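The following features are taken from TrEMBL:
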- 7-133: domain 'Thioredoxin' (DOMAIN)
- 325-454: domain 'Thioredoxin' (DOMAIN)
- 1-23: signal peptide (SIGNAL)
């Protein structure tokens, strides 16, 4: 299971609930391929949701977006919420660089910028209000700073005329929904951030580039709850994420210790608390047996931090875990079902903990179908694939196998999947893997194997 799949597993399959927007007149303007250009040119501030009707995330967002449009209209906020169905406007989607759904863009007098707020009504309303205000609040002195926000940036001793303040204001505009930004001319010349409940953390760089990196890094919480509203920002950071899977009481108990560790490892990893009472799929998603536990997820693997080995009340012990991961002393965690007691039929069943060993030791090619019990395409294809396996069992030159992609993971980098069913032809030794993209018929499977196995072997001899 790849890095992004964990997010989808936690926040979509097991926790997204869909609501239906109230029937009746909508406060969201419906745009089309013919109307969008004129509309955004004629209106000063328009938020446009690019969506597809079949997209689950779009379905989840729809009622929140509708409620936000209504709230903004009632409050007299001068911004219009609109939407465009990209299924009916593929050229527009391509023009505006829409690569996934939903994508929301803000247009001010025709110029576009990405929406980076949350997908809940309060977050949408808050973002829309803030985007119309100056990103940096200029005050007279430190006493006028409101540091009640979760994250507050302060530029002391600056009046805005300094060159580096151009970058400060640019970053404030980008991260206006993530933090509050202040500037005042009195006091020592310094820039710092305050994470609520923690001491101020100083910016020690000198260049605009260093300041941009500082603000980008510190605009995410040091150690706070992750959920529907903010998980996309964690993923988009590109950093490893340590998921603290625990109850509220355990989070409060160990918060200060993990916040200290998070500060030390800030440049390489993010720390987030996943409330297991809200997201009950955590054990299944991260292959952990008990709480509290930390699943350190990197783009290439996952490692489990357990309190009985690295005590959660000891920051040095926790830091040692990350050093041990870097040194290769911590085994990678692989989600796996139990191997079937009977597994000698014409179509074998592989699981996460047996896959790598079986592939590496096999002297015969393996045709592997990775499936999901809930996938309708898999259900239709399964009888065909099973029949193919029965035919090949008589031949004996190839192994035919199945793997449940929902319940198992692969530690082999060249055997991964993002859709179901995925069929892979794995050459002996596991180094060469060919993806099957033919029709889901017995004839096409036979032709595929004939071409890539039997004909190649004949040529070798």
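Quick reminder: no glycine exception, Cβ is built from N, Cα and C everywhere.
Residue counts for the domain 'Thioredoxin' (325-454) under DSSP, helix first, then strand, then coil, are 45 helix, 22 strand, 63 coil. DSSP assignment over the domain 'Thioredoxin' (7-133) gives 54 helix, 26 strand, 47 coil.
When pLDDT is averaged over the domain 'Thioredoxin' (325-454), the result is 93.
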